[in-house]
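As recorded in TrEMBL, the features of this protein are as follows:
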- Gly334, Pro335, Asn336, Thr337, Gly338, Gly339, Lys340, Thr341: ATP binding site (BINDING)
- 515-599: coiled coil (COILED)
- 688-706: compositional bias 'Polar residues' (COMPBIAS)
- 709-784: domain 'Smr' (DOMAIN)
- 686-708: region 'Disordered' (REGION)
Amino acid sequence: MDHALRVLEYEKLRQQLAAHAASSLGKERALNMQPDYTYDRVLSNLNVTREATEVVRLRDRLPLGGLTDVRSEVKRAAIGSVLSTSELLAVAAVMYSGRQVKNFFEKLHEDNEDLRIPRLDEYAERLTKLIEVEQTIRHAIDDQGTVQDSASDRLRGLRTQLRSFEGSVRSRIDNILRNNAKMLSDAIVTIRNDRYVVPVKMEYRQAFGGIVHDQSASGQTLFIEPQAIVSINNEIQEVRLKERAEIDRILSELSDLVGGVADSVVTNLDVLATLDFVFAKVAYGHQLKATEPKLNDEREIKLKQARHPFIPQDEVVPITVELGEAFTSLVITGPNTGGKTVTLKTLGLLQLMVQSGLYVPAEFGTELSVFDAIYADIGDEQSIEQSLSTFSSHMTNIVSMLDKIDFMSLVLFDELGAGTDPQEGAALAIAILDEVKRRGARVAATTHYSELKAYAYNREGVMNASMEFDIESLSPTYRLLIGVPGRSNAFEISRRLGLSEQVIDKARSHVGTDAESVESMINELEAAKHRAEQLEKELIIKRHDLETEQAAFEAKLTDFERERDTMYGEAEARAEKAVEQAKRQANEVIDRLKKLREEGIVKEHEIIAAKKQLESAKPTLQDKKIQKVKQKAQQKRTFSKGEEVKVTTFNQKGYIVKQLNDNEYNVQVGIMKVNVKADDLQKIGPSKEQSLQSKGSSLKRQSSTKSELDLRGVRVEEGLSRLDKYIDEALVSGYDNVRIIHGLGTGAMRQATQEYLKGHRHVKSQRPGGMGEGGLGVTVVELK
């Protein structure tokens, strides 16, 4: 295992991760990182990384400033040692960091109520706010490490007294300097042995008097404490001793406070170090443009466009590789310098990354598993000039690996069997691969032995692969080709480099027919793979275009239905308003007539007649028109199969394919089939189906649509477009069976045609043409 970590450069991974840690503790965790080998543990670590990624997305990084390793200081305080001011400040900084991080998570949840980060919340819960101890230390010691006057009343009093004595000393010394200027080397005051002194010339020693504390390097100046300030200097010294004792007492008291919360501080340190380590993983993942892999417990690996993390992103060639599902062994063959070793290291290192809780530099959809052990025999030597000692070294490592490999192992072999006689080396390689496969391990191996090219074809569960080589540029592309064994390209390269055809033909004559057949097979496989990749790209583009067009149609339909409902609602509102207004007018007229009757001007029957006339009042002409349009829109409409219609929501013409229910039809609009309500359809012409039935079978013969479509010589994309249109025309023309002529050729058009017909809703069945029908160059289609 240690050998695998070394050859896969796991130590370099640690160092790159450590560079993203904010503290020495986080760096220590990164540099001591080890992969986990249990599924539950790996899954838990990945979940923590996912939660941290979400936190960074919302709030950037954690506030970990001031976090240092104070474990030894805290332990000393716990057993009664007195910490220095700088040590106490470092402890206070850690307390501050813990408080800030806990506040960070509390504020994060306040601002994001739906946020779910249970594992990070567990870490945050373990943090203890030690604000009282932190602030007591900050109150007593300033940022420069000086115990402040405010640390205690006694210290404040002593320092006040000390400043008073020092003022008196300076006043007396100033008088001495003025009165004895000629005796002094310089008119300054300095301190020697914590006592104030003045510089006196040597010749005035006796005349000046006082206590000598020091002399200059030349011996010409003496630093003398004047007799006049000896007593006050003594008092200053006494106060300073008391100050020192008080400071020691304060530091002892602060150290006791730290010792009292030592367990909480150590726990905070552990949590903060872990969080620093976790968020360093996120920062490293962002640098690598890494993604979260899906984790499985089936020992299956599916790398999509994976990149080696140590190769610059503008230089690395991504690889796509699978292992463990369709096959358990992958044999990468081909010449050296083609990127086989890098492929092997990418596979191994990304597996180690995920088992370390790291995201991996690959596209979304990448899937990795968890192995109990990862073994690797990878040499850095790329030359074919390998000595017997190199072979012995590799074989020693392989023997050691074989003692431990089981079905939960991932095994990586680089140039298996190299360094010895090619025939014996190839035989050993095959035997070793068979043994590892027998034990159920997942194995990827590289080799340049041609004997192993046929290995995958003779073993179930083994797949060939190779590194692509560009013949035009005579250089490797570093792309991995799954299912295609490697070839040396020696003859082709030699030809392009100028070797004569005569020599090349001579060389070919020395190659066995089996080897030549294998090379031919490889060429065909590579060509087929390229054709399949091209077809896949074309189909993806067409599918995207169709989905875009369908989405546009659906959006237009939605807008139309919304607008229609709005118009209906407005029409109803106007109609109701008109009716209410008419009734109101009628009631007003009736009221006036009643009043006239009471006055004896009109008779009862005239009132009744007027009331009937007014009650029959209807909305205005405009509202009548609205009602008429509304009633017309709500009339039940029916359409026949094949009838040409206009889809009002799209402003497009089409024809009826079939009726889905009483009020909905399936309509062919261009190359799209959409479901449309009857209200959104307008008749344009008669039913094509009815016209066909009325004219009988003679119409089929007169139709411009033939019973066969010739696609020979047409590119796949154009051919599929013609085929799509032809099927629709054949349906309208009433054909039950049609022939699609695609020819044999490379087989691309035949395969594309059959794949298209397989998923077509109006195709009942399809079969190759029989004798007299065109054979395999024709597909006979039965329509529904």
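Glycine is no exception: its Cβ is also placed from the backbone N, Cα and C atoms.
Automatic, uncurated: that is what TrEMBL annotation is.
The binding-site residues Gly334, Gly339 differ in how many other CB atoms lie within 10 Å of their CB, and the one with the most is Gly334. With the fewest other C-beta atoms within 10 Å around its C-beta, Thr341 stands out among the binding-site residues Lys340, Thr341. Counting residue by residue with DSSP, the domain 'Smr' (709-784) contains 32 helix, 19 strand, 25 coil. Residues belonging to the domain 'Smr' (709-784) score a mean pLDDT of 84 in the model.
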